[in-house]
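Everything below concerns the one structure shown next.
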Amino acid sequence: MATSVIQFGSFVCNLPKSQPLCTTVHCPKQSMSTNIVRPSDPFAELEKHLEPYLQKRMDATIRQTKGGTLVYKHMSEAKRARKLRKKQREEEEVRLFMNAAPYIVSNITIGGGEVPSKMEEVSIKRPLNKTPSRKIKKSLTPVTFRDGHMNKFLRELRDCATRNSMTVHLIGKRKTELAFKRRASLNAVYATLHHMRGVDRKRDIVLEEWMNDYVLNLSKVSTWGSLFHAESLKRGDSGLILNARALRGKFGRCSRGFFIVRGKSDGVVLDARSKLSMATVTHMEQYSTPEAFWSGLEKKWSVVRKPTAHTCKPTYSVSNCGEVAAIIAQALFPCHKLTCGECSKEICDLTSNECVQELYKNTSLALERMNNLHPEFQHIVKVLSVVRQLTEASNHGTETFDEIFKMIGSKTQSPFTHLNKLNEFMLKGNENTSGEWLTARQHLRELVRFQKNRTDNIKKGDLASFRNKLSARAQYNLYLSCDNQLDKNASFLWGQREYHARRFFLNFFQQIDPSKGYLAYEDRTIPNGSRKLAIGNLIVPLDLAEFRKRMNGIDTQQPPIGKYCTSQLDGNFVYPCCCTTLDDGQPIRSAVYAPTKKHLVVGNTGDTKYINLPKGDTEMLYIALDGYCYINIYLAMLVNISEEEAKDFTKKVRDIFMPKLGKWPTLMDLATTCAQLRIFHPDVHDAELPRILVDHNTQTCHVVDSYGSISTGYHILKAATVSQLVLFADDNLESEIKHYRVGGIVENHKVQIDNQPSRCGVSEFHAIRMLIKGIYRPSVMYELLSEEPYLLVFSILSPSILIAMYNDRAFELAVQIWLEKEQSIPLIATILTNLAAKVSVATTLVQQLQLIELSADQLLNVTCDGFRVSFAYQSALTLLTRMRDQAKANSELISGGFNEYDQDLAWTLEKKLSRPLTRPMERIKLAGKISLLLVLKKAKDSFAVKYQKQKFARCQRNIQFITETIYGKGFLPHESRSSVHQARN
């Protein structure tokens, strides 16, 4: 008998195996009919097709969207792959465990360590030594809140609020207020709307979704069952909540079974929850009452009112008081609505002067209304009269102010400073503050003291006691001591100023040619003499005796101190504008100034400062042109200019001031330009100047550059900064030095001492030449439009040039360049484009010129746009002004039917101006002409072969015209003509 063995630990059990009774079971085979057709599963194919999707859905989870829809959230393919691999690993572990050979389990441990029960410490439990509590614990039944309880709570809340006229707040994202009030002996519920607070909204109230049921429940008071007709609603019913089924008449749409009254529009009562347009909101009748206004007025009136000793009695009617209050409110705070924020903003945006003017105008109008409507309110009339009197403008004397300012505005000495302050005080009038009144009284006191202490026995202008010593302390320049402006060697960093300084070096400096030697540049010729530079000392002899010999200068024998050395203003010396003296009154005479290479030397007090000149394109030395040595003053001012303003500064000097000054300007004109530059660039007021030597023999001021001076004995001007130099620009300054000339060689010079400035800008002839040059050279046109865009205006001088620039798309190019930089230039180009289109349609030259003149006024308004740093700007304004005035003067002749143009003269001028347009090939070389001729001939031949004879004749005439225009009539060679004839045949 076979047995089975089961072993567990040390136990072994032998079990007998029972023999099977029957090992084989025979079943008779049933015969199957082959003719039976089994039905096929209709969903087998569908299930097979959907099997991947259903298998994927087995791993999906269910989630709910914001709309409440339940959807499947499928796993990503990577996550499903990880899950499948994990499942396969688990199945593999189970399979391996089940197929493992039998083994004996002799010990079971946790973590391979000792049994936890053996690790516990045995503790002896002792009873607690305390008195047992006799308190009986009560078990409280938890409060449960059901739907019925909530309805009961709302009913009790509604009854309580109705009895006590309370306000219920429903608080969600926003707060909604429901006020329980009495209306015509019935209880009613009112919702607080936006327009009741003075705020107009498209939706007067916004209820959250959960609030609708609560509002419906709380609104079921005594008015809920009453019928309401649309005509029965009136002011004061805003926010009233009514039963939607109990409404009769014209009512707007509503929802949730209740209607919140807002107002009436076009006879229809509207729900406050409905969204309306702002036009409807503005014009509709809203059923609110001014209770909030009156409650606020009554609340604050008792607090801020004036205390009185008498008993107040009602003398004036309430209606009249309301009208008077409206007049006063409009007089002080003119607005359309008191609650409008835009009206209040308009008042806040007014300046103080505008506010005073509006107050004067409104109080005058209010006084007129009070006298006509309510003259019995005399106290109101008196107060308004006082306000109008205080706000009346008292600063009409601008002509007097201008006259006083012209006489003493530039004077900075007492008592003129006090007079100028009082003049400014009088101009401001009622705008003066209490502090300014106190300051004006102090200035008046100083004037009284001056007049009292003034005596005529003080001797002025006595040169016997004149002393003007040079300060031993050097001028401190922050720009030369700031670490950010210096490199590691403490040298000044020009930065972007170095690039823009090239405008000075390219136009007003020349390179020193070493082949000529330094001696060729040693003599600086002046109209009445010469001055020797120390440039020859750049070659240093090693012989000490020779070097000492070169250190000796050439004395110029200048005169002693005299009136010509001084400058006076009102009898007082202006010391910065005088020559310097020693302690004994003798003039300080200049010594030999040693030369340096590529340095700018500034400062005339103490130790001079040496600044490295901006680097040029080459390593050659530069020297100022004859007559332009004063350019070193502008170069010294450039040190104090910021890098962002360097371009603007250098262009102003080159394009505006240098053409005015030219060669040999007077010191007065030079100081005037410095004063003008100081307005645009205030940082230059303390810029240090180079040494200025005064030559009284030749009445010349020499600006010493880096090459020094061998000529000695000159007087030294004390002015060391720009702010001191501009003192020479005063017409009232009594000085001979201010008429001295500054610079180099003079050519046909005429001293200009009047107040008329020299003309600067570009002539019309040169402007036309530049435009014509740009028409045939796109690069030149681009450069002209980038640097001098106002040259476009000169195209109106000739209709032919205007049309040529239009065809060349020059105006479109100007718009592209300046559209994002300056708005006036694209506008000018647009006007000229439209003008060119009109001119091209005109049939006669006179009509074209008339069209151009009529557009001059519009162009002038657009072009005149403040100060512009442009060489052609002032000339363009002059041209447009002349054409505008000419058009106005000729308007009467045109209206009378007369032609103000001389036909022959107009044709002559137009022919002269447009002549360069018809001869653009005059300067082209012969090779270029031959090349162009071959191109034209090839074009004729190809056209003749391809097209008909009639079309070819037209093409031949056009090409003939182009050729004659370029080369002149009859230029087409005989060979070319014969080839054309053969091609035609």
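Just so it is clear, glycine is given a Cβ too, placed from its N, Cα and C backbone atoms.
What Swiss-Prot lists as active site, for P1 proteinase activity is His195 (among others), and the listing cites sequence analysis. In the three-state DSSP reading, His195 (active site, for P1 proteinase activity) counts as helix. Taking the Cβ of His195 (active site, for P1 proteinase activity) as reference, residues of its chain lying under 8 Å away and at least six apart in sequence are, in sequence order, Arg201, Asp204, Ser238, Arg262, Gly263, Gln286, Ser288.
Residues or ranges marked as active site, for P1 proteinase activity in Swiss-Prot: Asp204 (among others). Other Cβ atoms within 10 Å of the Cβ of Asp204 (active site, for P1 proteinase activity) number 29 in total over all chains.
The active site, for P1 proteinase activity feature in Swiss-Prot is assigned to Ser238 (among others). Of all Cβ atoms in the protein chains displayed, 22 besides its own lie within 10 Å of the Cβ of Ser238 (active site, for P1 proteinase activity).
Note on Cys629 (active site, for helper component proteinase activity): other Cβ atoms within 10 Å of its Cβ, all shown chains, come to 22. For the recorded site, Cys629 (active site, for helper component proteinase activity), the DSSP three-state label reads coil. Annotation source Swiss-Prot lists active site, for helper component proteinase activity at Cys629 (among others).
The active site, for helper component proteinase activity annotation in Swiss-Prot covers His702 (among others) and rests on sequence analysis. In the three-state DSSP reading, His702 (active site, for helper component proteinase activity) counts as strand.
The domain 'Peptidase S30' annotation in Swiss-Prot covers 144-287, and the record cites sequence analysis as its basis.
When pLDDT values are averaged over the domain 'Peptidase C6' (621-743), the model yields 86. Sequence annotations record features per position, and here Swiss-Prot assigns domain 'Peptidase C6' to 621-743.
As annotated by Swiss-Prot, motif 'Involved in interaction with stylet and aphid transmission' applies to 337-340, with the evidence given as similarity to another entry. Within the chain, the motif 'Involved in interaction with stylet and aphid transmission' (337-340) has long-range Cβ neighbours (under 8 A, six or more residues past its boundaries) at 198, 329.
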Rounded inter-Cα distance in Å - His702 (active site, for helper component proteinase activity), Cys629 (active site, for helper component proteinase activity): 8
The domain 'Peptidase S30' (144-287) - residue tally per DSSP class, helix then strand then coil: 41 helix, 44 strand, 59 coil
Cβ neighbour count within 10 Å of His702 (active site, for helper component proteinase activity): 26
